[in-house]
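Novice: So that we are looking at the same thing, I have put the structure below in structure tokens.
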Amino acid sequence: MTTIKTSNLGFPRLGRKREWKKAIESYWAKKISKEELDQTLTDLHKENLLLQKYYHLDSIPVGDFSLYDHILDTSLLFNIIPERFQGRTIDDDLLFDIARGNKDHVASALIKWFNTNYHYIVPEWDNVEPKVSRNVLLDRFKYAQSLNVNAHPVIVGPITFVKLSKGGHQTFEEKVKTLLPLYKEVFESLIDAGAEYIQVDEPILVTDDSESYENITREAYDYFEKASVAKKLVIQTYFERAHLKFLSSLPVGGLGLDFVHDNGYNLKQIEAGDFDKSKTLYAGIIDGRNVWASDIEAKKVLIDKLLAHTNELVIQPSSSLLHVPVSLDDETLDTSVGEGLSFATEKLDELDALRRLFNQNDNFKYDKLKARYERFQNQSFKNLDYDFESVRTSRQSPFAQRIEQQQKRLNLPDLPTTTIGSFPQSREVRKYRADWKNKRITDEAYETFLKNEIARWIKIQEDIGLDVLVHGEFERNDMVEFFGEKLQGFLVTKFGWVQSYGSRAVKPPIIYGDVKWTAPLTVDETVYAQSLTDKPVKGMLTGPVTILNWSFERVDLPRKVVQDQIALAINEEVLALEAAGIKVIQVDEPALREGLPLRSEYHEQYLKDAVLSFKLATSSVRDETQIHTHMCYSQFGQIIHAIHDLDADVISIETSRSHGDLIKDFEDINYDLGIGLGVYDIHSPRIPTKEEITTAINRSLQQIDRSLFWVNPDCGLKTRKEEEVKDALTVLVNAVKAKRQE
């Protein structure tokens, strides 16, 4: 049989039990020294490298490990430092300040990484002097070598890096050309250190606009050819199909393609002869974004097809394994579902099984995985019938009529204030929840604690002067995991954590079966909170699109079917809240934009399905019940009309980290529904000033009708400290009170 090689694009940073997160947050809290942080992270990086070596990968990535974000690492590598942070030593503390902000300066913008739930720190080009200033990549490569690990460096490529940047007076092409000598310098340093090849991530080349980048892409890689480094470069794409004929014409040593999320196009291009056989093909055949075990037999068939059209083949995951949990080893799952799962470590095992089969004619591990997959597939998880047609998908009356009834019922002031939903999850809150889950305290003791915490924060909100209150979500660990624990058809793991942004980790539930609402999920806590105040308290739910996008979805049903199943379940909870007397119900959809396919040909259907699912979840309420929704961290221009079509009475949107850019999206649409554009950044410990909030309000009112405008933070306050929250909300309310007097 033909020999194949195995590789990886990236490995999770978090650690099996979030050691990475805990160390970084301990350093921020001044509980450990910088030396202790460095040692902990070095040990974790070593563990990651040696684990991948254990699974006989022919090449192991370095440069994927980071203290915060790999795009921010690249910014610091090339001295792309935001102007407000310039003049300081380029070190880890500067990196953290750019990412989080400090008492003097706001953080850089935080944006979704393509259509995933990972977020990157946006590079800023205003008044920068690019140069190679901090070559951590070289240091990490040499460290891997010291462990006798056959490593390859990973770096985001110049086309993608610049496209994901903002600011500066240069054109896109000029910025790329500015960076080319710097990339060359970095490449040369890595090659001189012994790098056999360098993985250059260019996922921007799978997007709709990729053809418009082809001229500058060719110019860039021709430059690298003239510098005698191009043959050591592998252009890596993922998340969608690439224009293979163009990529094959570039003078690089290899190409990386996604054969999982490409809708079959990349294989068709290979079979059509579009791949240059003089290059190495890095084939992403194992799903890097979902947790289901591979159909190992189908992967063997795919490899056979690829071998017929290549001279050198490397198999690997479809993308970095950053997007999946580390390992199943510590889980205690029902075998009926557990046998069908594969986390990052298990995906390496799948690669090893295929390597052994093709290179050594050793089918032991292959046969074992094949039998396991077949056992899982022989089970039935399609057991319920649904009546989608009987549920309303539009409100009874237009917004103009609804808002009159809602205002009469709620009696809200000019520029009403509210928060997005969650309040700080203190160590005490987390301890009580953990003790309850592990049966160390009784249900009664836990409920008493929750009620006390709810009551305390209702009073805090009233004292500050907010107009629409929330109960604080102290019973929830995560806005999706909470619903996954309570809805039928979901599985929640114990250690299935993935990185969302910075040290923020989430534990996505796994949808394995038909989704069903079986009992009220949030009614008790919300009704209790409402009993403590005359002000309206919002019911807080997560919408069907977000629950699906932030879960690991089942793959045996179309996405739309699963999404609508979730919508029916949320609709049941919405009606239960309304029946219990809750006047305002928020159904959050922060992930609606992130799920938008990278190719525009799929946008219309995705948005149509998303809008219908949201309406399925929210349209059955009476006119006087006010429906809110919330979205965050997104570039909304492409979907602004779909946002309007949701017909939510009020939508709140993150704008603070976009530094006002988002408001431009409303210039082309007459947005005639209620809206709150977040006026300060909750992801930073920095307390906003009254002037900053007033400026944000004034800018928003240039585009938004004052009678429709709400004032709120840009996201939930779960990750902030109590004093930070109280101080920031006090500033917000005082700014609004002053504005009302104008």
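Here the Cβ of each residue, glycine as well, is placed from N, Cα and C on the backbone.
Annotations for this protein, taken from Swiss-Prot, read as follows:
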BINDING   ARG18, GLU19, TRP20, LYS21, LYS112, TRP550, GLU594  5-methyltetrahydropteroyltri-L-glutamate binding site
BINDING   ILE420, GLY421, SER422, GLU473, ASP588  L-homocysteine binding site
BINDING   ILE420, GLY421, SER422, GLU473, ASP588  L-methionine binding site
BINDING   HIS630, CYS632, GLU654, CYS715  Zn(2+) binding site
ACT_SITE  HIS683  active site, proton donor
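Please situate the listed features within the shown structure.
Specialist: Of all the Cβ atoms in the protein chains shown, 18 others lie within 10 Å of the Cβ of LYS21 (5-methyltetrahydropteroyltri-L-glutamate binding site). Look at LYS21 (5-methyltetrahydropteroyltri-L-glutamate binding site): DSSP puts it in a helix.
Cβ contacts within 10 Å of GLU473 (L-homocysteine binding site), excluding its own Cβ and spanning all protein chains shown: 23.
DSSP classifies GLU473 (L-homocysteine binding site) as coil under the three-state reduction.
Spatially close to HIS630 (Zn(2+) binding site) yet at least six residues away along the chain are ILE420, GLY421, GLN586, ASP588, GLU589, PRO590, ILE651, SER652, ILE653, CYS715, judged by Cβ distances under 8 angstroms.
Summarising the environment of HIS683 (active site, proton donor), the number of other Cβ atoms within 10 Å of its Cβ, over all protein chains shown, is 23.
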Novice: When you measure from the Cβ of CYS715 (Zn(2+) binding site), how many other Cβ atoms are you left with inside 10 Å?
Specialist: 26
Novice: Of the recorded positions SER422, GLU473, CYS632, GLU654, HIS683, which one has its Cα closest to the Cα of ARG18 (5-methyltetrahydropteroyltri-L-glutamate binding site)?
Specialist: HIS683
Novice: Here's one to test understanding: among the binding-site residues SER422, GLU473, CYS632, whose C-alpha is closest in space to the C-alpha of TRP550 (5-methyltetrahydropteroyltri-L-glutamate binding site)?
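Specialist: When the Cα distances are compared, CYS632 comes out closest.
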Novice: Where does ILE420 (L-homocysteine binding site) sit by DSSP, helix, strand or coil?
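Specialist: Reduced to three states, the DSSP call for ILE420 (L-homocysteine binding site) is coil.
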Novice: Three-state secondary structure of HIS683 (active site, proton donor) from DSSP?
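Specialist: Looking at the DSSP assignment, HIS683 (active site, proton donor) belongs to neither helix nor strand, so coil.
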Novice: Find the shortest Cα-Cα separation between SER422 (L-homocysteine binding site) and the binding-site residues GLU19, TRP20, GLU594, and name the residue that gives it.
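Specialist: Checking each of GLU19, TRP20, GLU594 against SER422 (L-homocysteine binding site), the shortest Cα distance is to GLU594.
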Novice: Please report the Cα separation of GLU19 (5-methyltetrahydropteroyltri-L-glutamate binding site) and GLU473 (L-homocysteine binding site) in Å, rounded to an integer.
Specialist: 26
